[in-house]
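Visitor: Supplied in structure tokens, the structure appears directly below.
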Amino acid sequence: MRSSRILGIGSYLPKSLVTNDDLACTVATSDEWIVKRTGIRQRYIAADDQMTSDMAVEAAKLALNDSGINKQDVDLIVVATTTPDRTFPSCATIVQSKLECKNAFAFDIQAVCSGFIYAMAIADNFIKSGQVNVSLVIGAEVMSRILDWKDRSTCVLFGDGAGAVVLSNNSARNTGVISTILYSDGTLHNLLYTSGGTAYNGVAGTICMNGTVVFEHAIEKLSASIVEILNKNNLSIDEVNWFVLHQANIRIIELVARRLKIPSEKMVISINQHANTSAASIPLALSYAKNSGKLKQDDLVVLAAIGAGITWGVCLVRM
């Protein structure tokens, strides 16, 4: 039976580093206030002439290099993003062009912070069905372009960046992407959204959020989804090496760990370095875990994310 395995991981953060102290010069906040409530210490901001596709390409190049896969062997490119270069064409087709992956078909997926999990599920199913052998799965965002920089409740939370993985056909049993579960609840769409839209008013708008309610849903839904995927695969928390949750807020990660009795040392934490990068969050955290020597071959990993929509998802992977 066909399955897909992560062969390579890559990440990219733009050059401009903005610390909490930098933000304190423009809005009523402080490093202490931000760190205590979010765990965020800094974020990276894309240059004015830097597009989502540019960052996606840099992350993809590193993932391809890490995998040893030739770009001409890529059959599919899926880009998870909320902030594409343009309304159309898709960011993925621009990435395909810049990478010169001439044999790949490409499209975007929009599930905001859950986007990378959704993209993984889609690419995994294409591989399992036999339609493709190699897929690039990318999460990339320029969240800074949809922020109100005078609103301290949102502008301190987000950053820009990109992460990518190479998924390839794998014949070994119980390795690679073992299981994925996706969820949506559109009745909660008004908890987190932008004030604009192509059809709505013709502008991108800025992020609007009911932070308290989103926080509560994140803890509840991430916890429940992790329990479900472990039960589905007859696994215990003790058997999992790493839990990589969406890097939105350190308190969410800590409270999920406490609720499920997950040892803190099993939680991958990178939010302090790059803030909430939406769809790029999970691959950035994976890249951090690998580069820091935490993530090893054959490790069992749970990936889980929640985002606007509301959408959420969980993925069980054997590295």
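Cβ coordinates come from backbone N, Cα and C, glycine included.
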Visitor: Match it up for me: which of 12-16, 52-56, 247-251, 277-281 does Swiss-Prot list as region 'ACP-binding'?
Guide: 247-251
Visitor: Within 10 angstroms of the C-beta of H246 (active site), what count of other C-beta atoms is obtained when all protein chains are considered?
Guide: 28
Visitor: Please list the DSSP helix, strand and coil residue counts for the region 'ACP-binding' (247-251).
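Guide: In the region 'ACP-binding' (247-251), the DSSP-based counts are 2 helix, 0 strand, 3 coil.
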Visitor: Rank the active-site residues C113, N276 by how many other Cβ atoms lie within 10 Å of each Cβ and give me the one with the fewest.
Guide: N276
